[in-house]
């Protein structure tokens, strides 16, 4: 059963080939057996999962239907889950039990999904390798010496290892798409505001967006259907009708205009990944798409702008973790200043402290105009570049990452080298656009992905293209040895 996709599970539950309780039991056994090699879960909610599975079976027996009813899910450990530890991968929240469910968690529970647990992640979602977690690094199932990407590395590794068919993730600068590329999955970052952020512990509020990680575009469509929708509790949620994301998966690509930005193929891109992108473009051309070269002239400034804006917002968001209201509290503080200093110094890891300091510096009186305001101006220019490009093309294609997965620890002493791995993904966050990564082949036995970007609220188009591509390629069906 562990080889089944989410769509196959939906069909199997509907025709009573197996029950949700049987499926849940089998996957929990698999997690217990294999996850010690991967470290993809922080918390496994075995008792709760079996209870939810029995409840889903009862709902189905009573005549209820639904594609997600009784299907398994695990949540990235920054989505609040009532009564279950929500750690954000940090010592700071090691003992935090959420008093309510995040909107995404509540919506999927209402649809009848069974939560198997909470997945490992970079601390407070800050990282591209899942090495900064308080609970230890996550291993890539394709090669246990390599990183799975981040910050949703646990979510990606769990699905890639067939521990379950799909997980939730979040994407602030590529944290769904990059691990999807490095573990041979399909990962979708929706348009900013498409999925509620309520109950999702914030990293950078103007960039964060929740989305699905799964093996196929068809599965991502099913999961996004359950996650998306307006939420009055989230002031950044957009009141936009949610289409049936599965309805147009098989639509023709005849005449589809695809843009290939020349800036994507400069220095820093592994030439073997460039070859995989070109091969994917040829497949889409065979399906009727028309490809033309375009330009995104301000992309070269994206990393600099992102690594000012995101840390600035993080320094503000993380100021609430001070050892007073909640979070780690140091022992025997001498006074309030000592409480703040030691609680935060002990509770936050090195990478989080680094970004808080960068963000605080960028927002300080003497440097606000020089850094933060400039970064926001560049952000606007990047958005304008996309608006102009989408006048000429329907979607944009390119590499998801400049390199395949690297060895654990290889970039640990060089944060800039790790930041540069976000080169192709962060522009979608700065502009608020939807983006999808899909499996596109292998380099040295490690998976690589191709990224698609579309205009606002056109997730359906991305899913359609990825699904049609997956009908004529088999990259997404390949599984790592031993899993």
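Every residue, even glycine, has its Cβ placed from backbone N, Cα and C.
As recorded in Swiss-Prot:
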- 76: active site, charge relay system (ACT_SITE)
- 151: active site, charge relay system (ACT_SITE)
- 175: active site, acyl-ester intermediate (ACT_SITE)
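Feature map: annotations from Swiss-Prot on the structure.
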residue	record	CB count, 10 Å
76	active site, charge relay system	31
151	active site, charge relay system	34
175	active site, acyl-ester intermediate	36
DSSP three-state assignment (helix, strand or coil) for residue 151 (active site, charge relay system): coil
Residue 76 (active site, charge relay system) in three-state DSSP notation: strand
Inter-residue Cα distance where the pair is residue 76 (active site, charge relay system) and residue 175 (active site, acyl-ester intermediate), in Å: 11
Rounded inter-Cα distance in Å - residue 76 (active site, charge relay system), residue 151 (active site, charge relay system): 9
